[in-house]
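Read through the structure below, which is laid out as structure tokens, and then see the notes.
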Amino acid sequence: MEIPRQEIHIKIDNPISSSKELKTDLADAKPVVLMSVLRSLHAGYFRISLSLCSQALLWKIMIAPDSPSMSHLHSKLPSMAFHLLWYLALVTQVSLCFLYALKCIFLFDMVKEEFLHYIGVNYLYAPSISWLLLLQSAPMMEPNSVLYQTLFWIFAVPVLTLDTKLYGQWFTTEKRFLSMLANPASQVSVIANLVAARGAAEMGWNECALCMFSLGMVHYLVIFVTLYQRLPGGNNFPTKLRPIFFLFFAAPAMASLAWNSICGTFDAVAKMLFFLSLFIFMSLVCRPNLFKKSMKRFNVAWWAYSFPLTFLALDSVQYAQEVKDPVGSGLMLIFSSVSVLIFLGMMLLTAANSNRLLRRDHVLGSATDPKHKQKTLSLNATNQS
């Protein structure tokens, strides 16, 4: 009788090779995660650094010796909070610029698509605005220094370059009329010119400041009148981006700050611009249903609530310094408090919804302009019929 033979297979794992495979997998996974972040990133994320930088400027003005807000406090807490906030804004701005630079290198087609988008192109001004605000709020740099002036030109030149491209095509290009492309985000370009005007005025370059101020205000009037008439471009604005409506009062508020720096006093023109921004703010606040649908899910567009309110708070501080009465002090207290609370609330909401922060924005991935969108809809209707 034969005894059946049984084969025994012994498998010996090599821990060295397994660890090498694991390291290889992790190394391959890192570029995948990075590319996913870069695909989701767009210039609209600079709303976060815009809010941080404008808030730093507010705290710098409030802790100034001639400020009526915190000048009576002998505690070092406001000064420490300002420095901490400024460095946080610097780190956030550098990080966003680094990631967006990588996107320009590896995903240039997506950046080009954003440049051609009727909403996305406006937020290409946001990095320059953030840098200019960060420069104006710098705690260790004087406006008369060579470094300050050099950095100002580095950050202001992109604004002028985009102005030449964006404003020029509105009255020279047949396919990109302002009446078709105008939307609330168009006011970001106006704010960029006004922030640059304030920076030039702080250095004593009044002629340059007046040039930037006039460029910004003329186009603000054109954009405001176009949007006020409710032309076709405004009907193509996505519901989820309605927080950007706060830019309606951000532009005149920034204009008031710029004019105050140019003239050296909060005169009648600055007050009229401040009252205009105050009226538009109250008009928007009285219509909460306008923002109801956009508040259902967290979106980075919510940061558009923060920096316009900070501009209004900056205006109220300057107004209180000029009039020196209880009404001015009350407005300063209200808007400064609301600005800080909204800013802190946005930071908490962003931290709580960090898993939704870098999701692909389908709004910027849609049609490049309203005219293209209308053609797509008509083509789909024809195919269905």
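Just so it is clear, glycine is given a Cβ too, placed from its N, Cα and C backbone atoms.
What TrEMBL records for this protein:
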- 44-64: transmembrane segment (TRANSMEM)
- 84-108: transmembrane segment (TRANSMEM)
- 115-134: transmembrane segment (TRANSMEM)
- 146-168: transmembrane segment (TRANSMEM)
- 180-200: transmembrane segment (TRANSMEM)
- 212-231: transmembrane segment (TRANSMEM)
- 243-262: transmembrane segment (TRANSMEM)
- 268-286: transmembrane segment (TRANSMEM)
- 298-319: transmembrane segment (TRANSMEM)
- 331-352: transmembrane segment (TRANSMEM)
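Tertiary neighbourhood of the transmembrane segment (146-168): same-chain residues 121-122, 124-125, 127-129, 131-132, 135, 138, 189, 192-193, 196, 199-200, 203, 212, 215, 219, selected by CB-CB distance under 8 Å and a gap of 6+ residues from either end. Residues 156, 163, 167, 178-180, 182-184, 186-187, 189-194, 196-197, 200, 248, 251-252, 255, 258-259, 262 of the same chain, all 6+ positions outside the transmembrane segment (212-231), place their C-beta atoms under 8 angstroms from a C-beta of that stretch. Long-range Cβ contacts of the transmembrane segment (243-262) within its own chain (Cβ-Cβ under 8 Å, at least 6 residues beyond either end) map to 184-185, 187-188, 190-191, 194-195, 197-198, 201-202, 206, 209-210, 212-213, 216-217, 220, 224, 269-271, 273-274, 276-278, 280-281, 284, 290-291, 294, 301-305, 307-309, 311-312, 314-315, 318.
The listed stretches are 44-64, 84-108, 298-319; of these, 44-64 has the most Cβ pairs under 8 Å to the transmembrane segment (115-134). When each of the listed stretches 84-108, 180-200, 298-319 is scored by C-beta pairs under 8 angstroms to the transmembrane segment (44-64), 298-319 comes out highest.
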